[in-house]
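Data first, discussion second: the structure below is written as structure tokens.
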């Protein structure tokens, strides 16, 4: 494989990591994004080309060179020296213990056991992916991203690593990148309903643009008021004689022009208001279903689901 492409990929991967965790100013981040685009165009690679990844990251390679350490063999060849049978068995035992700690929500202990398993067998993508899940439960999304990256480097066809990467990136409000990883997860596991759902949510987040006049949840009040269908129906509602009588009675302090014998004014007011609201909602649903769906989307609290990703391997 072309080592120039490997080097370009390593640099792009490093720059992406700096964007996420480097604590850079907005100007510096913009400069890095431009640099990434230039490198991707010049060498024909992207951060998704995980088959170009080396076992060590660029900072690890640089550190080894700066300290005079011998270049690890696995940087010259993807082949790794497999762990002994004893180490493999102990690593599996530690992983299982980590899984048990996840079940009882002892996430810090789970991180510890997965880390010990990684020390014995650093070529196992599952161990990194499981630790990423534990990091996410602790709110350490940056750590989860790094472990998912390592898992993907080890096994580029590991769908769960892409799915968990998407979750971590979503939690960091990196929805553009989250969408890319969810799509890759679905490409590898097309029947996974959780990936499908999370992809839709991430794409929705991308489409949601805050409005300068928005209220709670960045709802676009200006857009609603500029919607001719909405304004026409609202005008018809307010010109309804029954509604005008109702509002007049409520404003006058409880005088109930719609009242009937034996029924309190408040009951009539409430019933009339509910009826009018139902009629208005039905008209909106029939004439502008897209607007109704927008309203529902704003009201719902929608966050990515980790349902099947909670299951450790």
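Every residue gets a Cβ built from N, Cα and C, even glycine.
Values in this document were obtained by computation on a predicted structure and should not be read as measured data.
The region 'Disordered' annotation in Swiss-Prot covers 66-100, 250-269. According to Swiss-Prot, the feature phosphoserine maps to 77, 84, 301, 305. What Swiss-Prot records for 81, 303 is phosphothreonine, and it gives a large-scale study or a structure entry as the kind of evidence. What Swiss-Prot records for 90-100 is compositional bias 'Basic and acidic residues'. What Swiss-Prot records for 91-124 is repeat 'TPR 1'. Here Swiss-Prot flags 137 as N6-acetyllysine, drawing on a large-scale study or a structure entry. The repeat 'TPR 3' annotation in Swiss-Prot covers 159-192.
Positions of Swiss-Prot features highlighted on the structure.
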residue : record           : Cβ within 10 Å
81      : phosphothreonine : 8
84      : phosphoserine    : 11
137     : N6-acetyllysine  : 18
About how far apart, in whole Å, are the alpha carbons (Cα) of residue 81 (phosphothreonine) and the residue listed as 'N6-acetyllysine'? 32
Taken over the repeat 'TPR 3' (159-192), the model's mean pLDDT: 93
Whole-number Å distance between the CA of the residue listed as 'N6-acetyllysine' and the CA of residue 84 (phosphoserine)? 32
